[in-house]
Amino acid sequence: MIGWLQGERIQSWEQGGRRGVVVACGGVGYEVQLTSRDQNGQGTGSACTLWVHQVQRDDGSTLFGFCDQQERDLFRTLIGVNGVGPQMALALLDCCRVHELVAAIVDGDLKRLTQAQGVGKRTAERIAVELRDRLGNWAPLQEPSLSLVDRSDVKAIPLGEPCLRDLQITLETLGYEDLEIRRAMRAVASGPDVPAEDDGDAWLRASLKWLSQSA
């Protein structure tokens, strides 16, 4: 099985919605399917290093390539979920960067997961249920520690930055973890009675209520 390739990128290709490159290694050209992000990352004639997952079938084999080993490892984890094939796993990684996809799975963010081509709500739910615990402890794939005000999934929540910082400090002092706080805030923001953006006390009460009910 091929797990890693290093050579020269001699051609880019697209066919039927799929895309990739041909990598010349030791006089042999390997056709490798990539995400659109990785395909656009380098030009023809440039040096190319890819972590590879090989899928073997009766009619031949397909190579899926990734610029980062963690991305390749997450791809392998995704195809272990019932109903998730290599093309769907690649679509998920094309839609989100590694730490974003891990966060979406751990958070059960179905809206984010279903943005990937071919991923419906039921499949997104299955991915979240089967992988949440496994990826929650997968430290290398988690987003670097950030303040809530810097989190992309929190920026759209209608709460002023000073109140947001105070809310984070208070909930962390009470023993809640980052993921729990983010889930609570998104739940409150999508609920029927969203507190005013400058009413930190109301946000705290609503968040604590949601956290107690979800425990």
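A Cβ is built for glycine as well, from the same backbone N, Cα and C atoms used for every other residue.
Pulled from Swiss-Prot, these are the features on record:
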{"type": "REGION", "residues": "1-67", "note": "region 'Domain I'"}
{"type": "REGION", "residues": "68-146", "note": "region 'Domain II'"}
{"type": "REGION", "residues": "147-158", "note": "region 'Flexible linker'"}
{"type": "REGION", "residues": "159-215", "note": "region 'Domain III'"}
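Here the region 'Domain I' (1-67) has, by DSSP, the following mix of helix, strand and coil residues: 4 helix, 44 strand, 19 coil. For the region 'Domain II' (68-146), the DSSP counts in helix, strand and coil order read 53 helix, 0 strand, 26 coil.
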